[in-house]
Amino acid sequence: MNNYGVSSIGTSLTPSPTGSIDEYTSKEVKHPEDVKVDASYEKEEVGYGELEVVPERGNLFQRWYRSFLPPEDGKPQKLKRTLTARHIQMIGIGGAIGTGVWVGSKNTLREGGAASVLICYSLVGSMVLMTVYSLGELAVAFPINGSFHTYGTRFIHPSWGFTLGWNYLASFLATYPLELITASICLQFWININSGIWITVFIALLCFVNMFGVRGYGEVEFFVSSLKVMAMVGFIICGIVIDCGGVRTDHRGYIGATIFRKNAFIHGFHGFCSVFSTAAFSYAGTEYIGIAASETKNPAKAFPKAVKQVFIRVSLFYILALFVVSLLISGRDERLTTLSATAASPFILALMDAKIRGLPHVLNAVILISVLTAANGITYTGSRTLHSMAEQGHAPKWFKYVDREGRPLLAMAFVLCFGALGYICESAQSDTVFDWLLSISNLATLFVWLSINVSYIIYRLAFKKQGKSYDEVGYHSPFGIYGACYGAFIIILVFITEFYVSIFPIGASPDAGAFFQSYLCFPVVVIVFIAHALITRQKFRKLSEIDLDTGFSKYDRLEESDKGPMTAKSLAKSVLSFCV
């Protein structure tokens, strides 16, 4: 017998936990001479004539190093399904509550006024809700890698999936360094240090977090999103107390709706259109749960609960928080224009005006964490988008590589490298550079939402055309095709209002450069789509030819009926789960 427990007569000896020689047992092996033995592995029989190579535990560094290697069996590794329902819910919340509401609200208040903000955010919120319901049904029916751009390839046109995927990825690559710069600006609220130093620290931190795979991303999002929700609820309560004159340090006393009435509409219809388009971009990130579908345990159970709860909460948080802040801060407040990005946040200004010690610092810390988690979300969604595009042949094939822990390493590294663009902030021309970088992708979220709704409509029509049973789908959007049509209609209105505001910007004369910085993405997407379609010569598929079988997750409703009738206890539990 050799040193590794494999004898020359066709047996493998497995030591007992005690290590006693008398307790060694012999197991028959079919072809031991074909077994390649390595000193770093122990051998374990899993069936007649089969050997499974199991890595020794080793020390922490050895296990960490081996996790980056390809799978031992040589087969391509797939993304791991380790996310749960609680992760999916918080990813949806975390993707939506970010700089769009904390910092971006200063622009909407200044350009449109309080009433415009409430109306536009409510209207856009209803559109996002319909879109996410459609995405939820698609994700349950087809929990495949790539989500909406994969749906675009299958249900709309392969060239559209190619165009949408690259445009969406470009938006991540352009926004990622901006999030790092914004985070460094948040720190200037306390200490003025070169931004390049902080950007280096943030990139290292994001690399560390993403080394823990999708489960690490899910846990970080769960913790941070919970913190953001508590901060949002805390501000709403605190803001109501300030408005009612309940803060001793605030000598303004009762404020009521005085500020709101004086600044309900600013710049009239022009301002309303500006807020309408800005509100749409503030909700960006709500579609992140679609990307996570391929890494979620039991999507049929996780997604219905997520789409029913998360986005109603997000809409309420947005609307209530913006209503409260509009009661306290005027859209004509000069500080919204003169102060730096985070210092000019109306949420921080509201607390500073009330002279509440400490709270502005707490809220600035929450904004800092929100910005960093936004960058973390970009790393996750950007890498998964690039990986799925490589699987479809829309990106270089080496981005398909997934290590033993289910991490798309090369795709992650590619996205993280773009954080180095954040060092451009030290240049005098940094604003111009980033404006043009964003110009080719700033409408990407609108294209994604439109694609989700159109894909859903075509999917439902194809399902009916091919005579398939709709009961096999695990989750049904409560608004169906009508909700998707409504969502698509509102998105088209946002495109129109953005076009109008780009031509006639508020407080400035029409300018060709400013227009293309705002709307260049639209012609770029159209040109890329047409060019790719002409080169590949692929045509639109008929409803009867659309593939509804690959990746389809059939749902058995008999399992649901076995749960028994609804009782008072189960009803109360469902209501409590929805509200909490």
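Placement of Cβ uses the backbone N, Cα and C atoms for every residue, glycine included.
Swiss-Prot assigns the feature transmembrane segment to one of the listed ranges (348-368, 432-452), namely 432-452. At the 8 Å Cβ threshold, with sequence separation of at least 6, the transmembrane segment (432-452) lacks contact with the transmembrane segment (189-209), having fewer than 3 such pairs. Long-range contacts of the transmembrane segment (515-535) within its own chain (CB-CB distance under 8 A, at least 6 residues past either end) are made by residues 157, 159-160, 162-164, 166-167, 435-436, 438-444, 447, 495, 498-499, 501-503. With a threshold of 8 Å between CB atoms, the same-chain residues lying at least 6 positions outside the transmembrane segment (310-330) that come near it are 88-89, 92-93, 96-97, 101, 105, 109, 114, 117-118, 121-122, 125-126, 128-129, 132, 229, 232-233, 235-236, 239-240, 242-243, 255-257, 259-260, 262-263, 282-283, 286, 289, 336, 346-347, 349-350, 353-354. When Cβ-Cβ distances under 8 Å to the transmembrane segment (189-209) are tallied for each of 112-132, 222-242, 408-428, 488-508, the top count falls to 408-428.
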